[in-house]
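Engineer: Structure provided below as structure tokens; questions to follow.
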């Protein structure tokens with residue numbers, strides 16, 4: 001399919017603007033052919049590779065005005081967006097490929113066709129036209145919506161086994177399953193594609209230019225999946241795009257596997273853009289990692305199931321402590337800087353939790369309907385209670401009471417204040433003023449949870465992610481890989497870095513939690529209205545939806561669905 005590029009009309013082009021808007025109002029079901037060709041004068045813009053240029057309305061997506069005033073780097077990002085339209089509102093949000101900048105790149109037969117393990121497989125290879133829909137719950141008159149390219153082995157590959165020099169790097173915080181992904185990347189490359197030159201980058205991005213590469217073999221990684229952490233080491237920051245790509249070029253690396261969260265995937269995107277600018281034959285494959293499960297588009301991130309399972313141990317301990325004391329309170333702080341998925345799922349799984357606090361749902365301490373009043377009432381009724389709080393919850397309350405300035409870590413993440421410790425002191429002071437006896441035990445299992453090995457289901461998931469990444473890189477794509485509605489897909493870098501997945505407090509899953517804990521929602525009508533607006537704009541990508549009115553509608557409809565299976 002031909003890719004499309006955004007060509008912005010001049011501000012004074014009112015007549016042309018009106019003409020396009022009239023065309024966009026046509027019945028989408030009546031249009032089965034390709035979008036109309038761009039006006040000749042729009043095609044004068046220089047593009048980095050052969051593509052279809054589509055002239056768009058300035059107002060068809062809100063961010064396009066900002067795009068006009070953005071830096072040249074932001075405008076250049078449009079060159080990496082590949083949108084293809086099909087019948088009945090079908091939109092393919094495609095990923096970059098080597099032939100975009102190396103049109104004469106040779107292809108080779110996939111060695112999997114002679115692999116004995118695949119001899120009984122009914123269909124070796126993924127059909128080139130196979131795509132995965134972002135939204136699966138539809139009505140009979142719905143548009144087909146946004147799709148992503150399906151992951152899996154292709155019949156033709158763009159690298160011979162002997163020429164592949166692959167490297168693997170882990171960045172950011174620890175997460176269960178990192179070693180499993182590393183192991184399966186090494187073993188998959190060696191066993192499926194007969195690749196012998198595989199290297200590990202030590203201590204994150206800075207390891208590209210400050211450390212020696214480690215040679216990785218199936219034997220050297222054989223049992224690392226039984227250990228927590230990452231055998232390659234990790235760090236935050238250290239991203240210097242030009243130094244990294246210089247090193248990749250000097251060492252002859254042609255496949256880069258990058259494991260990390262949204263900040264790491266942004267770095268992978270910058271590396272890919274610099275590689276393409278230099279015209280290098282290099283595939284960049286991102287494997288999203290975040291224990292908070294806040295990566296957009298994908299169903300869930302690896303390590304999340306393990307984290308929820310391990311969080312149960314802390315909640316069980318808090319429940320035992322609370323039940324064993326007069327007016328006992330067990331307070332557990334779990335991971336969740338911006339998204340409260342671990343706290344929500346651990347609460348639902350436990351059934352011993354009386355109150356769950358997450359960043360997405362604001363709460364207040366004092367007054368009618370406040371948290372302190374609810375805690376007091378719960379203790380009078382049950383004589384004990386368990387509170388689970390995500391680390392990013394209530395940060396505005398702490399900042400107001402302590403008058404602190406915002407600070408950031410090396411990755412640019414906001415340094416959080418300890419909500420668990422702050423709540424502990426607030427609850428103690430409240431009951432002291434009421435002259436009411438109580439005991440509170442504060443448990444913070446954060447580093448215990450993220451340092452453990454992955455469980456069985458996460459091990460399987462890590463294996464599938466690693467293998468999908470290998471197949472895509474061998475086929476010449478650059479992408480982030482993830483599970484979308486139960487199917488592995490190749491997702492453009494900008495889609496997983498432009499937004500963050502969050503718990504939808506207007507969703508049925510959050511309602512189930514409130515029903516389970518019997519806690520008040522703590523929400524005003526203003527909070528509810530803001531939450532609905534945030535949900536409406538969630539997961540909207542910043543660049544590609546301006547291609548046409550019909551494409552914009554497809555993105556809007558797909559974004560309106562919950563991408564992380566909040567059923």
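All residue numbers here begin at 1 and follow the chain in the order shown.
A Cβ is built for glycine as well, from the same backbone N, Cα and C atoms used for every other residue.
Annotation comment: TrEMBL describes 292 as active site, proton acceptor. The annotation ATP binding site is assigned in TrEMBL to 173, 236, 237, 261, 262, 263, 264. Positions annotated as Mg(2+) binding site by TrEMBL: 262. Among the features that TrEMBL reports, substrate binding site is placed at 290, 291, 292, 335, 336, 337, 391, 447, 448, 449, 450. What TrEMBL records for 526-538 is compositional bias 'Basic and acidic residues'. Sequence annotations record features per position, and here TrEMBL assigns compositional bias 'Low complexity' to 552-567. The annotation domain 'Phosphofructokinase' is assigned in TrEMBL to 166-471. Residues or ranges marked as region 'Disordered' in TrEMBL: 1-40, 524-567. TrEMBL lists 263 with the feature site 'Important for substrate specificity'.
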Engineer: Rounding to the nearest whole angstrom, report the longest C-alpha distance spanning 173, 236, 237, 261, 262, 263, 264, listed for ATP.
Structural biologist: 13
Engineer: Rounded to the nearest Å, what's the C-alpha distance separating residue 336 (substrate binding site) and the residue listed as 'active site, proton acceptor'? Just drop the number here, would you?
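Structural biologist: On Cα coordinates alone, these residues lie 5 Å apart.
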Engineer: Which number gives the other C-beta atoms within 10 angstroms of the C-beta of residue 292 (active site, proton acceptor), all protein chains shown included?
Structural biologist: 30
Engineer: When the Cα-Cα distance from residue 391 (substrate binding site) is computed for each of the recorded positions 236, 237, 261, 264, 292, which gives the smallest value?
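Structural biologist: Nearest by Cα distance to residue 391 (substrate binding site): 292.
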Engineer: Highest CB neighbour count within 10 A among the binding-site residues 237, 263?
Structural biologist: 263
Engineer: Which residue, out of the binding-site residues 173, 261, 336, shows the minimum number of other Cβ atoms inside 10 Å of its Cβ in this structure?
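Structural biologist: Each of the binding-site residues 173, 261, 336 was scored by Cβ atoms within 10 Å; lowest is 173.
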Engineer: Restricting the comparison to the recorded positions 290, 292, 448, which residue's C-alpha is spatially nearest the C-alpha of residue 236 (ATP binding site)?
Structural biologist: 290
Engineer: Give the sequence-ordered list of residues that share a chain with residue 450 (substrate binding site), lie 6 or more positions from it, and have CB atoms under 8 Å from its CB.
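Structural biologist: Once residues fewer than 6 apart are set aside, residue 450 (substrate binding site) is near 173, 174, 175, 176, 291, 303, 307, 335.
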Engineer: Nearest to residue 264 (ATP binding site) by Cα distance: which of the recorded positions 290, 292, 448 is it?
Structural biologist: 290
Engineer: Measure the Cβ-based neighbour count of residue 262 (ATP binding site), defined as the other Cβ atoms within 10 Å of its Cβ.
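Structural biologist: The Cβ of residue 262 (ATP binding site) has 25 Cβ neighbours within 10 Å.
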Engineer: Same-chain residues six or more away whose CB lies under 8 A from the CB of residue 448 (substrate binding site)?
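Structural biologist: Long-range Cβ contacts: 310, 314.
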Engineer: Between residue 237 (ATP binding site) and residue 290 (substrate binding site), what C-alpha distance do you get in Å?
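Structural biologist: Computed Cα spacing between residue 237 (ATP binding site) and residue 290 (substrate binding site) is 16 Å.
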Engineer: Using only the residues recorded as binding substrate (290, 291, 292, 335, 336, 337, 391, 447, 448, 449, 450), report the maximum Cα-Cα distance in Å, whole number please.
Structural biologist: 17
